[in-house]
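Trainee: Take a look at what TrEMBL says about it:
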type	residues	note
TRANSMEM	12-31	transmembrane segment
DOMAIN	27-430	domain 'Cation/H+ exchanger transmembrane'
TRANSMEM	40-58	transmembrane segment
TRANSMEM	78-95	transmembrane segment
TRANSMEM	107-129	transmembrane segment
TRANSMEM	207-228	transmembrane segment
TRANSMEM	248-265	transmembrane segment
TRANSMEM	271-287	transmembrane segment
TRANSMEM	299-318	transmembrane segment
TRANSMEM	330-353	transmembrane segment
TRANSMEM	365-387	transmembrane segment
TRANSMEM	407-430	transmembrane segment
COMPBIAS	447-470	compositional bias 'Polar residues'
REGION	447-564	region 'Disordered'
COMPBIAS	499-521	compositional bias 'Basic and acidic residues'
COMPBIAS	551-564	compositional bias 'Basic and acidic residues'
COMPBIAS	577-586	compositional bias 'Basic and acidic residues'
REGION	577-649	region 'Disordered'
COMPBIAS	593-619	compositional bias 'Basic and acidic residues'
Amino acid sequence: GFYPFEVTPAHLAYTLLGGFTVVFGMFSAFFKEKMYLGEAPIATLFGIILGPHVANLIDPYSWGGGDHAVTDEITLEITRVVIAISVFAVGVELPKKYMLRHWRTMIVLLLPCMLWGWFISALLMWALIPGLKFLSCLLIAAAVTPTDPILAQSVIGGTYAENHVPAHIRHMLSAESGSNDGAAFPFLYIALYLTLDASPGHAVGEWFYATIAYEIVLGTVLGSLIGWVARKVMQFSEERKYIDRQSFVAQYVSLALLSMGGTVLLGSDDLLSAFACGCAFAWNGYFNRQTEDAVFSNVVDLLFNSAAFIYVGALLPFPDFNNHELGLDWWRLFVLAICILLARRLPSILALYKLMPDIKSFREACFTGWFGPMGVGAVFISTLARHSLPYGDPDADTAQVDRIREIISPITLFLVLSSVLSHGLSIPFFSLGRRVHSITYTWSRQPSMRDNQPAWTSQVRHVQPGQSIIVNRDEDPEEGDAGVRQTEKLGHSSTGESSSDRTRRDDIEMREKSQRSSRDSGEDEQEGSEGAIGERAGEDDNEPGTPPVAEYREGDDLIIERKRKGEEVEVEMVKHHFSKEREAQSHKFTHHQSLEEHEVGNLRHHLSKSDRLSSDFDGRQAMSQPPSPPADESSRGVAFGSTPAPARG
């Protein structure tokens, strides 16, 4: 009979992934800017609905004839690719030389804080899950120790985070999530070697040369070398016009796959290699400047992240969450999840935040301690652990090996589900602060690949010598949004020349658009918005959410950030600024290294330019507004009369 349909698991996966991406994209602004939800929680819910326990359209456990080893292999490779691209993107998008300039904070986060999270998670598992030795709990806990770079986007990305989380905190969380997925390998393999080897001394020695030296050190060096060579070759090709725009942007994915694939072929740490490659590739900020207006990375992130969390949702083994034969109960896992979410990061960061220069206050330490999500990285490491466990008779306890293989996936996946729900849905309820003032300059410095001119100049008419330019400040409601009108004069000129006998002239009328309507609407929005006390002068072409000057209120303290495009964020903290009982104290946090001579010159140039722009902006405001009665110094504020504004130099 006629049966043309080809319904296979692969074809269903393509269709459903494409359908989810289309529907989510149609309402993405609503989800992200109104409900403060990224694609991860929604994709996980969609995967649960499609999974074997609801609609049974996607069943990863049936792939490969029901062989769990095949399912583990598929899971391992899917999560490997997604995380490698994510951590490479984190390394690329960090400010230039970030890891070198912030090494103190990174060391504290990657060593004592991760060690604390590893031990406390294992201790809680040992207390709540029956039949497990503490060493086995250490092996399982290694999967949930690192933070997930994909779920971390709910903290460092989106409109809510941009308005409530200062840039220096977002950069720190981003760098941590990118580096500690690969840094979790030592915790996993020391527990694995001690479990499988009857001789602890031999296990520690093998861990040192096989994991620390070969995987961690070699993976970092190899990734850094690939990124450095790629950056030099790209600069060479771009200077000689050997590379086109499309290939320039495509390096985002191709370099991530190259560093990951080349390192995993050698059996080294592919995740750390991908992150190191991204950092080295964008070390001097050259790649970021050339691709600042490209949205290719965001498209890739949306596709890969959606696919990964749909797969994770379909992978959740709900019957095993209450499997008495495995010693698992709903209440045990629920209590375990709450305890790990509260105790895994928060106590260590609260105890050590004064050793981390990037955390300026106790409030920032609480925020950083809470947002340590577990996601695709935990699934990858737990699957890698299952894949590494032998089926034979190891030197150590065989019963414990079988016990680990049975329960590591249910425990890890339940904790991932808890983290997706708690961290993905708690953004509006755990606000670090709110932006109270920002100033942006609407100017793009993106150069063309061919003419060495800003990209926006291709959208406007170039004025040639001899043409007349008329600046008209009168309002014209018929004029378009661009604020530019071009009229062509035909016929005869005053000298009697016809248009066919002379060169056609263009009179370009350029005017400044009136700010009155936008300013009035902005004031109405500021009164009704929690996070807006100051005035925002348009959007910026810098990194989204990081204007050159931004101020955040954190309790009674004021955080002021000053940033140039592609550069570090300079942070000034005015303690007790909003307090009426205590005197305000200003503390500036500058980089510990001295600036180079050319950096000092560039800084002076941009500071003087900023002062001129600020003076012109204030002058235009004064001309467009009616005079107001004088007020004493105590009544001046950012927008309302009760808040003193910090002095600006």
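Cβ atoms here come from the backbone N, Cα and C positions, even for glycine.
Please situate the listed features within the shown structure.
Mentor: If one looks beyond the transmembrane segment (40-58) by at least 6 residues along the same chain, the residues whose Cβ comes under 8 Å of a Cβ in the stretch are 9, 12-13, 16, 20, 24, 31, 150-151, 153-154, 305-306, 308-316, 318-319, 375, 417, 420-421, 424-425.
Using a Cβ-Cβ cut-off under 8 Å and counting only residues 6 or more beyond its ends in the same chain, the transmembrane segment (78-95) has close neighbours at 149-150, 171, 174-175, 177-179, 181-182, 227, 252-253, 255-257, 259-260, 264, 270-271, 274-282, 285, 287-288, 297, 300-301, 304-305, 307-308, 311, 376-377, 379-380, 383, 543, 566-569.
Beyond its flanks by at least six residues, the transmembrane segment (107-129) meets 137-138, 140-142, 144-146, 172, 176, 179-180, 183-184, 187, 327-328, 332, 335-336, 339-340, 343-345, 347-349, 352, 355-356, 372, 407, 411 of its own chain at Cβ-Cβ distances under 8 Å.
Same-chain residues lying 6 or more positions outside the transmembrane segment (299-318) and placing a CB less than 8 Å from one of its CB atoms are 16-17, 20-21, 24-25, 39-40, 43-53, 58-61, 75, 78-79, 81-82, 85-86, 89, 150, 153, 252-253, 375-376, 379, 409-410, 413, 416-417, 420.
Proximity of distant same-chain residues to the transmembrane segment (365-387), defined by a Cβ-Cβ separation under 8 Å and at least 6 residues beyond the stretch ends, is recorded for 40, 72-73, 75-76, 79-80, 82-83, 86, 117, 139-140, 142-144, 146-152, 154-155, 165, 169, 172-173, 181, 184, 188, 192, 271, 308-309, 312, 315, 344-350, 353, 359, 404-405, 408-409, 412-413, 415-416, 419-420, 423-424, 426, 430, 432.
Same-chain residues lying 6+ beyond the ends of the transmembrane segment (407-430) with a Cβ under 8 Å from its Cβ atoms: 36-38, 40-41, 44, 125, 129, 132, 139-140, 143-144, 148, 151, 154-155, 158, 160-161, 309, 312, 315-317, 320-321, 323, 326-328, 333, 336-338, 340-341, 367, 370-371, 373-375, 378-379, 382-383, 385-386.
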Trainee: Please determine whether the transmembrane segment (207-228) and the transmembrane segment (330-353) are in contact (criterion: at least three Cβ-Cβ distances under 8 Å, sequence separation 6 or more).
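Mentor: Touching, no - the transmembrane segment (207-228) and the transmembrane segment (330-353) miss the threshold of 3 or more Cβ pairs under 8 Å.
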Trainee: How many of the residues that make up the compositional bias 'Basic and acidic residues' (577-586) does DSSP mark as helix, as strand and as coil?
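Mentor: Tallying H, G and I as helix, E and B as strand, the rest coil: 0 helix, 2 strand, 8 coil.
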